[in-house]
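> Starting off with a structure, shown below.
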Amino acid sequence: MSKLPTGVEIRGRYIRIWFMFRGKRCRETLKGWEITNSNIKKAGNLRALIVHEINSGEFEYLRRFPQSSTGAKMVTTRVIKTFGELCDIWTKIKETELTTNTMKKTKSQLKTLRIIICESTPISHIRYSDILNYRNELLHGETLYLDNPRSNKKGRTVRTVDNYIALLCSLLRFAYQSGFISTKPFEGVKKLQRNRIKPDPLSKTEFNALMESEKGQSQNLWKFAVYSGLRHGELAALAWEDVDLEKGIVNVRRNLTILDMFGPPKTNAGIRTVTLLQPALEALKEQYKLTGHHRKSEITFYHREYGRTEKQKLHFVFMPRVCNGKQKPYYSVSSLGARWNAAVKRAGIRRRNPYHTRHTFACWLLTAGANPAFIASQMGHETAQMVYEIYGMWIDDMNDEQIAMLNARLS
């Protein structure tokens, strides 16, 4: 037998090769290879190819040797082949990056994607055209609420579909960056076209009708909501510990999610100090007479940092009525929405989404000539750009009023 190629050994009845990988000498037996001159030469060629792949950063241990115990120890990330496996590993990694609330919503979205795409689908088979087909299915197909089948309906909103597809593209981008797939099917996938919805604020006449139809806490709640611009999750989570009636300010540092979990406001800019307009301050002073002396309740606050929670004892500004002898310490976001719908109906004014209390705040301040940067800071937006994007059409409609105001001030 001729001299063995570099890195090739004969061990009993088997041919074995060795190579250096990550600073360690690795040995792999070529099972099923008979000891012949031809196979020894092939083993030398295989070993040379592996060395080349290692040097060029292309070597995938478990692809070359799927059953290797050495490879299983050397490789820290397992090879992912199916969509279900991709969802599992992505979720495990993202749990340390996303807040508990965001993770819950994401897992709910993944349940739907797992059904539509099918868990056993090889991720290497997913093409650009498949993503577009999944998008159509999400847009026109039936919703898949497994916990509450009665709520299922045909179709989803464009915004919801865009969120699902953004999540899917994020998964596939992760798969590409991890070397699980060699193509980029997510490239070029665009958002569906959406019409910009023009804000529909309450008129002063409608607001007065709302105030006349409400009394007590309900009147205080909606008066404060309209004149402070807080998000409804921030309203529900507002505690007297956040309020300074002397200085006329509210420190917004807590939000209640739709999943009934307390955490920071939506963005870092959402943690802010709101300087109260006089009507908002008056509403809080009246509300203090109703709930300012209630006992504190303990809640769990979920920080953005993974795994960090905090117990907080608070007495909330707005509290539900006693029901069946029990007093819940705060409103849920959905119950605030229900109270808004009931109040609008009692007032006999046109129905709007509850979020329009916030739109009304912004539009009224713009009409009064407030600086968009100031409005953005009060509402918890990162920059004034958000105000221009959301209320741009409203601002354009105010041009004539702005000219009249400038003429009056400059004359």
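The backbone N, Cα and C atoms fix where each Cβ goes, and this holds for glycine too.
Sharing the feature lines straight out of Swiss-Prot:
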ACT_SITE  R231  active site
ACT_SITE  K266  active site
ACT_SITE  R358  active site
ACT_SITE  H381  active site
ACT_SITE  Y391  active site, O-(3'-phospho-DNA)-tyrosine intermediate
DOMAIN    81-176  domain 'Core-binding (CB)'
DOMAIN    197-404  domain 'Tyr recombinase'
> Which state, by DSSP, holds Y391 (active site, O-(3'-phospho-DNA)-tyrosine intermediate): helix, strand or coil?
helix
> What Cα-Cα separation, expressed in whole Å, is found between K266 (active site) and Y391 (active site, O-(3'-phospho-DNA)-tyrosine intermediate)?
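About 19 Å separate the Cα atoms of these two residues.
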> Residues with Cβ closer than 8 Å to the Cβ of H381 (active site), same chain and 6+ apart in sequence?
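Set apart from H381 (active site) by at least 6 residues yet with Cβ under 8 Å, we have T267, A269, V387.
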> These are the active-site residues: R231, K266. Which one scores highest on other Cβ atoms within 10 Å?
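When each Cβ's neighbours within 10 Å are tallied, R231 leads.
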> Round to a whole number and give the Cα-to-Cα distance in Å for the pair R231 (active site) and Y391 (active site, O-(3'-phospho-DNA)-tyrosine intermediate).
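Between the Cα atoms of R231 (active site) and Y391 (active site, O-(3'-phospho-DNA)-tyrosine intermediate), the distance comes to 16 Å.
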> Using DSSP, what is the helix/strand/coil residue split across the domain 'Core-binding (CB)' (81-176)?
68 helix, 4 strand, 24 coil
> Taking the Cα atoms as reference points, how far is Y391 (active site, O-(3'-phospho-DNA)-tyrosine intermediate) from R358 (active site) in Å?
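For Y391 (active site, O-(3'-phospho-DNA)-tyrosine intermediate) versus R358 (active site), the Cα atoms are 12 Å apart.
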> Just to be sure I understand the packing, how many Cβ atoms besides its own are within 10 Å of the Cβ of R358 (active site)?
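Total other Cβ atoms inside 10 Å, all chains included: 24.
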